[in-house]
């Protein structure tokens, strides 16, 4: 967990770190924007839904809650589908689900129909796009992966800045039914993004033989599991999953309540709504910048500590921002929260990729999202902060609780990594050093014997691995014994 592991994909298949990977990144950018911004964009239509179906605000709020629950809670199902059918077909089917759900919701006769269509069907479709897009991004990028993750994560604030005014305009011109219908048509673009997720081509046999000379003997490959629970044997993954589950309890609270916080201080609706625009604008630039920093040679092996710093930064911002008494204080809070929120968004999946590697990432992300789904329902959409607000009638305590939760999660991942993983990594480095020393000794012995005996073939290149020499020497020394028998 202290550093990035090597991606153990198919032999000879390397991440191109560019080329078609930029098209994959563009698709991931759009999918990330739809997945995170869409539940917030739907909330614009809540007033019309309340009047249409004569329900309360809490009833309409369940639409966004179900959307988020499907986005996070169906992670293991998406992992199974990706491991069985691949990323591209799963994403294209998911795009159809996401679009059809919104189109069907435009003909709804009750709020229950919207729960089913927008919440369940569209939520499942977005989940089937979000998770596979991150998996493909991990396949196409290795050296530039932190930057790629930061750029893809920037899709969330960009989409939020675009979808919110668009949704308001659609509501004013066409009503909520027309708005749902047009948004459903927009979600068909998820199919186009899914078509961009072209699998990496397998190299020819000759290329594979050249790149696999490091292997002294081929090991039989175990059949890939549809959902690999062995990730729970990795201490780093367990620590990350616990910390992430605690973090999401408070991470999404300020964007939900900051507008109401400003209104509670007596400011106009337009000025209050401007706070979200400020937050999103800063977040938009913070994510790619964080990806650049995380990709530096000295920083990348310690990306988990950078992630924990971002979480502490975010938590402390919430705690200090809870003391804001005027509009200027809230503006400063939104600027610093946007920076810290962008850092967390850019680093969370990069750190998970570094912990588990390419082979187990599809299962790991599904299991982490499932654990986070429970926490998301307990957070702002659920009863946690809402009950605290009802009891105190002050947003200060809501922000204090959120800041404490995020800060605790930062200490969990930082101390867990330092105490539980560092010793394990040190032991692994010692074993690697011993193995390297033994290998060097074998190579030196092989050189001495070859200098005194037969000459080596002149066709060998300087860049080839010298383990092959040791194998040739062993066959030469064993030959006389075989002839004697």
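Glycine is no exception: its Cβ is also placed from the backbone N, Cα and C atoms.
Noted in TrEMBL for the protein shown:
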type	residues	note
TRANSMEM	20-39	transmembrane segment
DOMAIN	21-417	domain 'Major facilitator superfamily (MFS) profile'
TRANSMEM	59-82	transmembrane segment
TRANSMEM	89-107	transmembrane segment
TRANSMEM	113-135	transmembrane segment
TRANSMEM	178-197	transmembrane segment
TRANSMEM	237-262	transmembrane segment
TRANSMEM	274-296	transmembrane segment
TRANSMEM	303-321	transmembrane segment
TRANSMEM	327-349	transmembrane segment
TRANSMEM	361-383	transmembrane segment
TRANSMEM	395-420	transmembrane segment
REGION	444-464	region 'Disordered'
COMPBIAS	451-464	compositional bias 'Basic and acidic residues'
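Long-range Cβ contacts of the transmembrane segment (237-262) within its own chain (Cβ-Cβ under 8 Å, at least 6 residues beyond either end) map to 1, 40, 231, 271-273, 275-276, 279, 311, 314-315, 318, 321, 324, 327, 330, 333-334, 337, 341, 344, 348, 351-352, 355-356, 364, 367-368, 371-372, 374-376, 378-380, 384-385, 389, 395, 398-399, 401-406, 408-410, 412-413, 416-417, 420-421. Long-range Cβ contacts of the transmembrane segment (327-349) within its own chain (Cβ-Cβ under 8 Å, at least 6 residues beyond either end) map to 134, 146, 149-150, 153-154, 156-157, 244, 247, 251, 254-255, 258, 261-262, 265, 267, 271, 275-276, 278-291, 294, 303, 306-307, 310-311, 313-314, 317-318, 320-321, 365. Taking every listed stretch (89-107, 113-135, 303-321) in turn, the largest tally of C-beta pairs under 8 A with the transmembrane segment (395-420) is reached by 303-321. Between the transmembrane segment (89-107) and the transmembrane segment (178-197), three or more CB pairs separated by 6 or more residues in sequence fall under 8 Å, so the two stretches touch. Nonlocal intrachain contacts for the transmembrane segment (178-197), taken as residues 6+ away from its ends with a CB within less than 8 angstroms of a stretch CB, comprise 23-24, 26-28, 30-31, 34, 38, 41, 45, 87-92, 94-96, 98-103, 105-106, 118, 122, 125-126, 129, 132-133, 136, 167, 170-171. Packing against the transmembrane segment (20-39) from elsewhere in the chain are residues 64, 67-68, 71, 91, 98, 122, 126-127, 129-130, 133-134, 136-137, 140-141, 148, 151-156, 158-160, 162-164, 183, 187, 189-190, 192-194, 196-198: each is 6 or more residues past its ends and has a CB under 8 Å from a CB in it.
Residues 24, 27-28, 31-32, 34-35, 38, 42, 49, 62-63, 65-72, 74-75, 77-79, 81-82, 87-88, 90-91, 93-102, 104-105, 152, 180, 187, 190, 193-194, 197, 349, 361-362, 365-366, 369 of the same chain lie 6 or more positions beyond the ends of the transmembrane segment (113-135) yet place their CB under 8 Å from a CB of it.
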